[in-house]
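Per TrEMBL, domain 'HotDog ACOT-type' is recorded for 44-156, 217-330. Sequence annotations record features per position, and here TrEMBL assigns domain 'START' to 402-551.
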Amino acid sequence: MIQNVGNHLRRGFASVFSSRLARKSASRAEASSSTMADGEGYRNPTEVQMSQLVLPCHTNQRGELSIGQLLKWIDTTACLSAERHAGCPCVTASMDDIYFEHTISVGQVVNIKAKVNRAFNSSMEVGIQVTSEDLCSEKQWAVCKALATFVAHRELSKVKLKQTVPHTEEEKTEHSVAAERRRMRLVYTDTIKDLLASFPIQDDLESRDCSNMVPAEKTRVESVELVLPPHANHQGNTFGGQIMAWMETVATIAASRLCRAHPTLKAIEMFHFRGPSQVGDRLVLKAIVNNAFKHSMEVGVCVEAYRQGNETQRQHINSAFMTFVVLGEDDQPQTLPWIRPQAGEGERRYREASARRKIRLDRKYIVSCKQAEMPLSVPWDPCNQVYLSYNNVSSLKMLVAKDNWTLSSEVNQMRLYTLEDDKFLSFHLEMTVGVDVAQAFQLLSDLHRRPEWDKHYRNVELVHQVDEDDAIYHVISPSLGGDTKPQDFVILASRRKPCDNGDPYVIALRSVTLPTHCETPEYKRVETLCSGFCLWCEGDQLSKVSYYNQATTGFLNYVTTNVAGLSSEFYTTFKACEQFLLDNRNDLVAPSLQTL
């Protein structure tokens, strides 16, 4: 009997996967013929490309392309893309963190590609990719990626931007995730302040050898620039890229004064333009090394603007933090001297730099990692909570945006889709329910009520209320398969309302690790990498409800059994979810996540 079941399973899996491959092949053939018929591949209408040959006048003392010059080219390309979409002049509002992966030498070509990922009311996010090319060897390298925010500006009327229409899987992903990035960007300053205020900063200033330290004041730089017409756009506003280039110059001088060598810029923390500057302004740029670690240093830069005759009324228009290293002949980072901060403000900057370094590492790891490279469960920490929440929601949105989902079965208008991608088998259940979408969102957000319709959630305990939209839960579920122990998992639940018409309501779930809820002998600890609900409004009192899940090892057998049609648990559970929503659709007071 067991052998017959095994044969049945194998035949079921073979049938599912072979039909999926056949459909994929047909889809690829159809796409290929469509492209050939068009005569040319699809190109985003907002895409702008720039190619520049690196000449000696563009380089620094090492014969490499100056990062300041690269920032000017990046800003120009992104601005042209933004203006192509807006149809009017645009100004740089901010530039997200940039990590430089490769240097560019004289004679090489810089290729910059920019396109609008998403437009909001009057602002838009522009994605930028930079590569370098050696014309002799035909080798190419990835240099950096960047995300810039531009604001459309008309003198006589308020701008309302048209929305972008994504076509490819990549465009759909960027369009969807841009809303979450914007949310994180808007709270960026407050988040950093809160983290710095609550972060326990430890240092070893007293234990260090003071004779080996460089006083921070010796690294201080102040420089003034006069904004001339070549530095400004057609409205007379200073190019954001020009300001960033000037900031990079003074930061490099400050870093050189510490290391007595030629430093290399490796990363820039977000540029945020607090106000404009125009032709005729004097810009005062100040830089100082805030802290030096073993192999890197942080340089703080600020920019103030004033008009002739009003020097006492300076306006702070920008600030940034730049990370430098010193590379040896083997291209490895060299050990740096310690910095001795000034008492008072200097010590504050010194300690804040230590905190920012930790935050920066968390952010780069969590936000920049590919999903397949992420561990299933990431340690929860107040320092990374904003970025874990971002990763939680954006991972689900990226899964939703994939265009190679395959319909595996349909029962009573409930559809089951599957997706084989990278190292994961994902599934997606979809149904239409006669319930208002906002009400369905509130009901499904209340994880305490999930045991009412999902037998895999036996008990749900709220562990930590992070904020209004994020919470951590400890969930206990029955054993699966031949296991004798019940299972448990600790999950971060993040919910988001739509940013614009057509956006879904999102409830994203992923595993996190808490020191207060370690694995115990009583339960078998399981994890979820990416799962959750997306809900769309299909009309008055009508919602499309979709559940997504990337199957991890602990659930793979359960998933494949359902996909192969040998179990109806998916259908039964989702049917119970539908009934739960219908039974409770008249609840007038839906709970907020804060009260769960």
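Here the Cβ of each residue, glycine as well, is placed from N, Cα and C on the backbone.
Assigned with DSSP, the residues of the domain 'START' (402-551) fall into helix, strand and coil as follows: 15 helix, 79 strand, 56 coil. Secondary structure by DSSP for the domain 'HotDog ACOT-type' (44-156): 23 helix, 53 strand, 37 coil.
Residue counts of the domain 'HotDog ACOT-type' (217-330) by helix, strand and coil are 26 helix, 50 strand, 38 coil (DSSP-based). Per-residue pLDDT, averaged across the domain 'HotDog ACOT-type' (44-156), gives 94.
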